[in-house]
Number of protein chains: 2
Amino acid sequence: MKFEAIAVENIPLIHAGDNLPSIICENIELQDRDIVIIASTVVAKAEGEIFRLEDITPGKISLEIAARTGRDARFIEAVLSRSGEVLVEKPFMLVTTLSGHTCVNAGIDESNIENGFLLYPPENPDASASRLGQELERLSGKKLSVIITDTNGRAFKIGQTGVAIGIYKIKPVKRWIGEKDLFGRDLEITEEAIADELAGAANLLMGEGAGGIPVVVIRGLDYYCDEETYIKEMYRPEELDIIKKGLRCLQKKS
Amino acid sequence: MKFEAIAVENIPLIHAGDNLPSIICENIELQDRDIVIIASTVVAKAEGEIFRLEDITPGKISLEIAARTGRDARFIEAVLSRSGEVLVEKPFMLVTTLSGHTCVNAGIDESNIENGFLLYPPENPDASASRLGQELERLSGKKLSVIITDTNGRAFKIGQTGVAIGIYKIKPVKRWIGEKDLFGRDLEITEEAIADELAGAANLLMGEGAGGIPVVVIRGLDYYCDEETYIKEMYRPEELDIIKKGLRCLQKKS
């Protein structure tokens, strides 16, 4: 049993309106059950999710947060426009986005774009994954899954890993239910976060900075799922999220 | 650019004293720069980290926590014996272990062992990885890295992923320093948690329950590092750990 992770080389710099599925298919021959893993930065660029800082007018709340944190109020306004809740203001803004993902700066990035521009993540990553996946399947004639990924930090540890933010034809979590353990006892329900593990695996080839590879294909696994799948199944229900409760407790104190 | 992840099949059930490196080398031909990823359960079994619940006498603190949570006081005593700090008591015990790893139940597991026995994780996972790695290198004549892995839950999301708990001849975090981004500007220091991404990738083949594959080799990457490496470099310094501060805030309130 094995799998391969293959970097799709020669993807050009992507601009608004570019046909990503077409570009991908020109650079790799896809096979049934391939998992096509695409960095959210190129999805966002193709979707034209680029905004100029100077076009953003900060509202009252953004100005207040800016005063407290010393951050650019326009950048804060951008973050708030994609956020449901602010969990931490400083030293970094940790938010839960409108699509349910908890991450720094709502995933908005200014490091890979000409000065003064912000790159927002895809507004609906599942919808983007679905659109890309359907076109990839049409062009290649193969059964494919798609995962759109970002890189995020994590609790308790330094460093970032690749994470899944949108999916198509793959479950975010694999449930190992009702199997026996090595001694024949019922295994408790174990949920394996396969979409995030795949995102992390792909990120080992994606790299950072100028050498970035924005598309990786993982081949040899059997996770294809021919039904609608939703990344939000992976987000912990609020009432069970003890870490969010802890962060809110800290905010009340300060 | 690509890599393969290869399940090492036919590893037998492991018992105390078994020579894991020898067993691994009988079942796969290793190559230079292979990363040998080994589940902590088999390392712990080989090291004899099995304890009987009935041999454990709970102390005062364990009895108090048991009264508050309804958990078995002997199990709690086991967890406390490997813990530096208890961050959450219920509905699950989240602790920081003596080796700096934050996880549920200090990584102590009772699901894969005959009833009434507990399997403790390796007491010093880096030392275990080092011991195994040196023997694997001696037997195979190849330059090898080793990662010992466990499966953990995570903040904000359901599901578990493979994570690194001990390492040999691989950095836990890759630093992308001083490289330029696509537009020639200095990239901020980005730290990629490669050991955890590799652990997650391996876990895609390791599975759960009776079908488990406890050893996976990842081949094709260039992370070999011929110096001492320490998993604790990956743990967030206490003063920067806002999530731990949040959890302590909650404990004070309750």
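From the backbone N, Cα and C atoms, a Cβ is placed for every residue, glycine too.
Please treat TrEMBL annotations as automatic predictions, because they have not gone through curation.
As recorded in TrEMBL:
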BINDING   A:11-14, A:40-41, A:LYS45, A:ASN112, A:206-213  GTP binding site
BINDING   A:ASP109, A:ASP150  divalent metal cation 1 binding site
BINDING   A:THR151, A:GLU208  divalent metal cation 2 binding site
DOMAIN    A:11-220  domain 'Coenzyme F420:L-glutamate ligase-like'
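For A:MET206 (GTP binding site) paired with A:ASP150 (divalent metal cation 1 binding site), the C-alpha to C-alpha distance reads 11 Å. For the pair A:THR151 (divalent metal cation 2 binding site) and A:SER40 (GTP binding site), the Cα-Cα distance reads 9 Å. Per-residue confidence over the domain 'Coenzyme F420:L-glutamate ligase-like' (A:11-220) averages out at a pLDDT of 92.
A:LEU13 (GTP binding site) falls within neither a helix nor a strand when secondary structure is assigned with DSSP, and so counts as coil.
In sequence order, A:LEU13 are the binding-site residues among A:ILE11, A:LEU13, A:ASP150, A:MET206 whose C-beta falls under 8 Å from a C-beta of chain B. Cα to Cα, A:GLY212 (GTP binding site) and A:ASP150 (divalent metal cation 1 binding site) are separated by 13 Å. Between A:LYS45 (GTP binding site) and A:ASP150 (divalent metal cation 1 binding site), the C-alpha separation comes to 14 Å. For A:ASP109 (divalent metal cation 1 binding site), the count of additional Cβ atoms within 10 Å of its Cβ stands at 18 [all protein chains shown]. Around A:ASP150 (divalent metal cation 1 binding site), the same-chain residues at least 6 positions away in sequence with a Cβ under 8 Å from its Cβ are A:ALA39, A:SER40, A:CYS103, A:GLY107, A:PRO121, A:GLY162, A:VAL163, A:ILE165. For the pair A:LEU13 (GTP binding site) and A:ASP109 (divalent metal cation 1 binding site), the Cα-Cα distance reads 17 Å.
Here the binding-site residues are A:ILE11, A:LEU13, A:MET206, and the one whose Cβ sees the fewest other Cβ atoms within 10 Å is A:LEU13.
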